[in-house]
């Protein structure tokens, strides 16, 4: 696997592959990789001839008082895991390479509506940062297909909307969430949790499962949400939001909607965890 910070080197290699009629898949990450990321690479290998991965802790998507400086940087371990998984090209730019004029003078991409609620309401500017860096990386790598985890469901929807709105010739693939044996969704931020907190945090997925079952049986969504919030409080969480949405467009769920998704964000101690569950209502 070849690792570079150089935009020109990435473009040269991708151009060579495409001239040979070969396809390119892309997996953007912030590093500190876990099995969920490796699964994205494995899936990417099924969909293209070559896999490019990026590692960039994007300062534009972190708000004030968030964990930018504390976010783990584990490049050597990440490189070893990616090489073992079959990635061929790793792009590891610095903020100065990505934002040479500084973030305040950087052209940005913003997806209206989707970016402003749920995680967007709790983290203003977050999805502007996500959309901007993903669009920029797409322009650098020029992939045929890009893969993202469904754990970040709202992010996946924002990226799909951006690609559609800007007519980018890239297929966006969502990959199912990879979980610990307890049910806790794998996340780089799980490393902030103590072992006891990890066991407590598994209640988040159990709560989502119980909500989906109750809604599928016809219970009123507001009542289900209220009960679930009480459950999370009792389990030691401080809920940020808990919302049932149409899975296709993230509108508030209507009685006629069949394909639904429950989205949740909650703090366990000082660590903010997110999860979601898609299900069908009869």
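Note that Cβ sites are derived from N, Cα and C of the backbone, with glycine treated the same way.
Swiss-Prot has this to say about the protein:
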BINDING   30-37, 149-152, 178, 186-189  ATP binding site
ACT_SITE  37  active site, proton donor
BINDING   61  beta-alanine binding site
BINDING   61, 155  (R)-pantoate binding site
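For residue 178 (ATP binding site), the nearest neighbour among the recorded positions 37, 61, 155, judged by Cα separation, is 37. Here the binding-site residues are 61, 155, 188, and the one whose Cβ sees the fewest other Cβ atoms within 10 Å is 188. When the binding-site residues 150, 155, 188 are compared by Cα distance to residue 61 (beta-alanine binding site), the shortest distance belongs to 155.
The distance from the Cα of residue 155 ((R)-pantoate binding site) to the Cα of residue 188 (ATP binding site) comes to 16 Å. For the binding-site residues 30, 33, the largest tally of other C-beta atoms within 10 A is found at 33. Scoring each of the recorded positions (37, 150) by how many neighbouring Cβ atoms lie within 10 Å, the top position goes to 37. If you take the Cα of residue 150 (ATP binding site) and the Cα of the residue listed as 'active site, proton donor', they are about 11 angstrom apart, rounded to a whole number. Non-local contacts of residue 36 (ATP binding site) by the CB criterion (under 8 A, 6+ apart in sequence, same chain) comprise 149, 151, 177, 178, 185, 186, 187. Residue density at residue 178 (ATP binding site): 18 other Cβ atoms are found within 10 A of its Cβ, drawing on all protein chains shown. On the backbone, the CA of residue 30 (ATP binding site) and the CA of the residue listed as 'active site, proton donor' stand 10 Å apart.
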